Amino acid sequence: MQLIWFRQDLRIHDQTSLWHATQAGQTVAVVMLSPGQWLLHDDAPIKIDFYLRQLQQLKQQLDALNIPLLIETVPLWKDIPDSMLKLCQQFKIEKLHANIEAGVNEQQRDAQVAAILYQHQIATEFYLDRTLFPLGNIRNQSNAPYQVFGAFKKRCYEHLSLSLPSCLPAPEAQPAINTLEFNISEFSTSIPCVQTFYPDFTAPASMWTVGEAHAFALLDEFLDEHVRHYPTERDYPHLQGTSQLSAYLNMGVLSIRQCVNALFREQHGQLDFEHTGQQIWLDELLWREFYQHILHDFPRVSKHLPFRLNTQKVAWRSLADPIVADDFQAWKQAQTGIPIVDAGMRQMLATGWMHNRVRMIVAMFLSKNLLIDWRLGEQWFMQHLIDGDLAANNGGWQWCASTGTDSVPYFRVFNPVSQSQKFDANGDYIRTWVPELAGLDAKSIHAPYAKNPNLNLNYPKPVVDLKMSRIRAIEAFKNAQGKI
Ligand SMILES: Cc1cc2nc3c(=O)[nH]c(=O)nc-3n(C[C@H](O)[C@H](O)[C@H](O)COP(=O)(O)OP(=O)(O)OC[C@H]3O[C@@H](n4cnc5c(N)ncnc54)[C@H](O)[C@@H]3O)c2cc1C
């Protein structure tokens, strides 16, 4: 008997470990719910809700293939090895199949499971699935990992131009398992709802439908109608200019190979750009790839260390100071008095997702204008994003805070008001998320008190002066560099 262990790869099409398990023989499936680990990893309730709802869909798909899905609940990942061994022994498992995950804790968890199973003559195999290229395999001429995206991307293009990765089909249905022989009824097969773990959670209305079919439909719609306009529309948060597929990619409802293949389906699987939209969207998928490889090659980034170690000396403002604590609170609760920042933060609190341009603006505002440690922002994002992914979130934050791989230079501080004027010129995005300002015209909405500080609005004044805080941030980075 084979065992497939589902993690963040909740689909049956192009699912590498599922495919190999089912080709090897009769298969059962398991997921290990670890609520304590979700808390340790700051996983957002909305992400857990998405995960559990997607599991329901997966269970139905697996039922149709006669693959029973067992639901084990253990407090933490450290409890998985014993639980997995027990299960393997009960089902007389020959081999456990799972897909590789890049994080340090994930790899430690998998090594511990493999070790205990090995002691009991049970094999394990971990497959390349979550990334296009094997972690640790994209190397420069000195056989070292790339540290800047441009060079990494070029290398990826070289590989992709030789051949695009192919997708595996869904497995065929297997003969039904004798449930009595294996005492399946001793195991739980019912999937809890999110309120079991987060009693106060309420789902946002009408967003984030689960299911592989839905994810495919979104991908198709994006490729048919939007990708052509991606170069010109992707930076404007009031438009539907991006795919909004990040939650699906992150939970593995869609695979990265499915996205790349669909992107080039008109080119019969050749890396042949028909328009710049194709190329720019591929580049975004490669940013995802890049950060996964960075996490693998430089695991310090997941241990609260900056990629650029010299930025460790930056004197972030301390939360022990009540003024700073208030500033942080204002940022978290979307009450900074900078409309584009508050709009973005409210979009995330309400939907679990925030537009990429606005993610950059709010992250730079926190780490530069408020000079608050980017790690606090990174954590707040993880606690609220439906697509929260350690590698991409860490990479995005370190880019904005000028502590990362090829991050923005520390002296290039976005002015959030100019960004707002440029990317939300009419103020439509702000009006959606900050209704207090809905009555303002397109000129004044970006900085409501700039011309008239006495304006009577039910909206806070800016928590910080943008000019002064920009200079303060640049000084803090300059001072830190002097200390190397
Ligand atoms: C501070 C900050 C935090 C971020 N946190 C996350 C996160 O936790 N999870 C996450 O998936 N993305 C994160 N991103 C990257 C990016 O904002 C989102 O991937 C994107 O907004 C998702 O929207 P989309 O699916 O419409 O993207 P599209 O523009 O359609 O891009 C397609 C896919 O490419 C990937 N992608 C796009 N941009 C990036 C990028 N800059 N870095 C890595 N992958 C990218 C995503 O998987 C995305 O779904 C973060 C960016 C910043 C600046």
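First residue shown is number 1, and so on along the chain.
Every residue gets a Cβ built from N, Cα and C, even glycine.
Noted in TrEMBL for the protein shown:
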type    : residues                                  : note
BINDING : TYR230, 242-246, TRP281, 284-291, 387-389 : FAD binding site
DOMAIN  : 1-132                                     : domain 'Photolyase/cryptochrome alpha/beta'
SITE    : TRP316                                    : site 'Electron transfer via tryptophanyl radical'
SITE    : TRP374                                    : site 'Electron transfer via tryptophanyl radical'
SITE    : TRP397                                    : site 'Electron transfer via tryptophanyl radical'
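With respect to Cβ neighbours within 10 Å, the recorded positions TYR230, TRP397 differ, and TYR230 shows the lowest count. In sequence order, LYS47, SER246, ALA247, LEU249, ASN250, GLY352, TRP353 constitute the residues six or more apart from ASP387 (FAD binding site) in its chain with CB-CB distances below 8 Å. Contact annotation for recorded positions (TYR230, LEU286, TRP316, TRP397) versus ligand 1: TRP397, each with CB under 6 Å from a ligand atom. For LEU286 (FAD binding site), the nearest of the recorded sites by C-alpha distance turns out to be TRP397; the candidates were TRP316, TRP374, TRP397. For TRP316 (site 'Electron transfer via tryptophanyl radical') paired with TRP374 (site 'Electron transfer via tryptophanyl radical'), the C-alpha to C-alpha distance reads 9 Å. Between the recorded positions TRP281, TRP316, TRP374, TRP374 has the most other Cβ atoms inside 10 Å of its own Cβ, all protein chains included. The least crowded of the binding-site residues GLN244, GLU289, judged by other CB atoms within 10 A of its own CB, is GLN244. Neighbour density for LEU286 (FAD binding site): within 10 A of its CB lie 21 other CB atoms from the protein chains shown. Calculated from their C-alpha atoms, the gap between TYR230 (FAD binding site) and TRP374 (site 'Electron transfer via tryptophanyl radical') amounts to 29 Å. Within the set of recorded positions GLN244, TRP281, GLU289, TRP374, the entry lying nearest in space to TRP397 (site 'Electron transfer via tryptophanyl radical') is TRP374 (CA atoms). When the Cα atoms are compared, TRP374 (site 'Electron transfer via tryptophanyl radical') and GLN244 (FAD binding site) turn out to be 24 Å apart.
Break the domain 'Photolyase/cryptochrome alpha/beta' (1-132) down by DSSP state and the numbers are 65 helix, 26 strand, 41 coil.
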